[in-house]
Amino acid sequence: PAAVSVDCSEYPKPACTMEYRPVCGSDNITYGNKCNFCNAVVKSNGTLTLSHFGKC
C-alpha cells in the first residue's frame, strides 16, 4: 500500500482552527487536524510523519 502523507508546505501557521479531523502521527499521538499535525511536523524538523488518518 502507498504511504499516506499530507502536504505541509504551507505550514507552520500561527493559529489552527478547532476543526476536528484527527490524524495519527508516527509518535503515536492523535492530532486534532492537519494544521496541528503540520505545525508539529515543522517543529520536529521533519522527523514526525503521518501514521494514518483518524485517531491513533
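Glycine too: its Cβ is placed from the backbone N, Cα and C atoms.
Taken verbatim from Swiss-Prot:
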DOMAIN    6-56  domain 'Kazal-like'
DISULFID  C8-C38  disulfide bond
DISULFID  C16-C35  disulfide bond
DISULFID  C24-C56  disulfide bond
CARBOHYD  N45  N-linked glycosylation site
Helix-strand-coil residue split for the domain 'Kazal-like' (6-56), DSSP-based: 10 helix, 9 strand, 32 coil
Within 10 Å of the Cβ of C38 (disulfide bond), how many other Cβ atoms can be counted across all chains shown? 23
Report the mean pLDDT of the predicted model across the domain 'Kazal-like' (6-56), rounded to a whole number. 96
Recorded positions near C35 (disulfide bond): from C8, N45, C56, Cα within 10 Å gives C8
Have a look around C8 (disulfide bond) and count the other CB atoms within 10 A of its CB, chains all included. 18
Looking at the disulfide-bonded residues C16, C35, C56, which sits with the largest number of other Cβ atoms within 10 Å of its Cβ? C35
Hey, how far is C38 (disulfide bond) from C16 (disulfide bond), Cα to Cα, in Å? 10
Among the recorded positions listed here (C8, C16, N45), which has the Cα closest to the Cα of C24 (disulfide bond)? C8
Going by Cα-Cα distance, which of the disulfide-bonded residues (C8, C16, C56) sits nearest to the residue listed as 'N-linked glycosylation site'? C8
The sparsest Cβ environment within 10 Å, among the recorded positions C24, N45, is found at N45
Taking the Cα atoms as reference points, how far is C8 (disulfide bond) from C16 (disulfide bond) in Å? 13
